[in-house]
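Below: the structure, in structure tokens.
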Amino acid sequence: MSDDSDWVSIFDAQRTYNYFIVASSIMVVYDWALTFGREVDLLWVSAEHSPENDRTETVNSGQMQHWSLMTLLYFSVRYIGILYTATMILGFFPIVPLTDIVSTIILQILVWTDVVIDIMLRVILIVRLYAMYQRSRKILIFLIATSMALTIVCGALIVVLSSRLSGDALVIFGTHMCVNSGYDRLLSAEAWIISTAWEVLALCLAAWIAVKHFRELRLRQKGWAFKDSFKVLMRSHIFYFAGFVAVAFFTLGDALSPNWSEPALAGVLKIALAVQMFVLGPRLILSLREFNAELVVNSDAGTGLTTMAFQEGVLVSSGGNE
């Protein structure tokens, strides 16, 4: 292989991009390690109050908790994220030897993992909104129908994108590299525009019902725990939405401007995507579980707080003085 300037630029660009791949992987694993203790307490074992039981009854901390839909979604998003980052390192870390076929398989896995995680995150948002709207059948049907329609359109775009995608295994200066070939940035941007429409809709629906409940509870002396639960829901939703907007911004910039194809900007996009899916996504569930656990502790201490259990699509009041 000749040592001309083209190969040197490819080598430097890929090496810079690899640094961001490693950085995004470290961030995902670090966040998992940071929250693992809370994950065990709030999700692996039953440490929260059971609304079906007596107000002061708690489940033995050593007893395994019944895994609800939200718990399964949390574990799926969290641990698929760790496998996702490991796959990225396998595909882009310069020491691992690859063939063209293996490179293509790795790229296809990454693309379709994005799709699966996006669907899971949509389900999480649907359940949260269903809970915020007090199990309204109309809002559930509307959310499911809208999400399915957008998912079908996005899926069709990803199928086309995936059919054109292939990986080329290169060895430059003794370093193994996996390079994308046939990746259509415009198709990716179109899929993200559709996903952005869903996220904006979800945020608007969440904000509207939160404002509505705040107005209803503003003059009340009681029910403030229910109000605080909406604050927790909105705060985590806004952080998640901000992460999504950052990813959409960089994706559109990458599709519409050649300057955005620089390895540093592509690396920032990869970090933003990992944080949005595998850090902020699981925290949509974990943040409310933490809030519920704090209310249970205060209630058990005799403060008379009302606990709000986020269970299978409803905010459940379980005790207290309302």
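Placement of Cβ uses the backbone N, Cα and C atoms for every residue, glycine included.
The domain 'DUF6533' annotation in TrEMBL covers 19-83. As annotated by TrEMBL, transmembrane segment applies to 16-34, 72-93, 105-127, 139-161, 191-211, 232-252, 264-286.
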The transmembrane segment (191-211) and the transmembrane segment (16-34): do they have three or more Cβ pairs under 8 Å, with pairs 6 or more apart in sequence?
no
Segment-level pLDDT (mean, integer) for the domain 'DUF6533' (19-83):
75
At least three Cβ pairs under 8 Å linking the transmembrane segment (264-286) and the transmembrane segment (191-211), pairs spaced 6 or more in sequence?
no
Sequence-remote partners of the transmembrane segment (72-93) [C-beta within less than 8 Å, at least six residues beyond its ends]:
14, 17-18, 21-22, 24-25, 28-29, 32, 39, 43, 103, 106-107, 109-110, 113, 116-117, 120-121, 123-124, 167, 177-178, 270, 274, 277-278, 281-282, 285-286
Positions whose Cβ lies under 8 angstroms from the transmembrane segment (139-161), at least six residues beyond its ends:
111-112, 115, 118-119, 122, 126, 129-130, 133, 183-184, 187-188, 190-191, 194-195, 197-198, 201, 205, 313
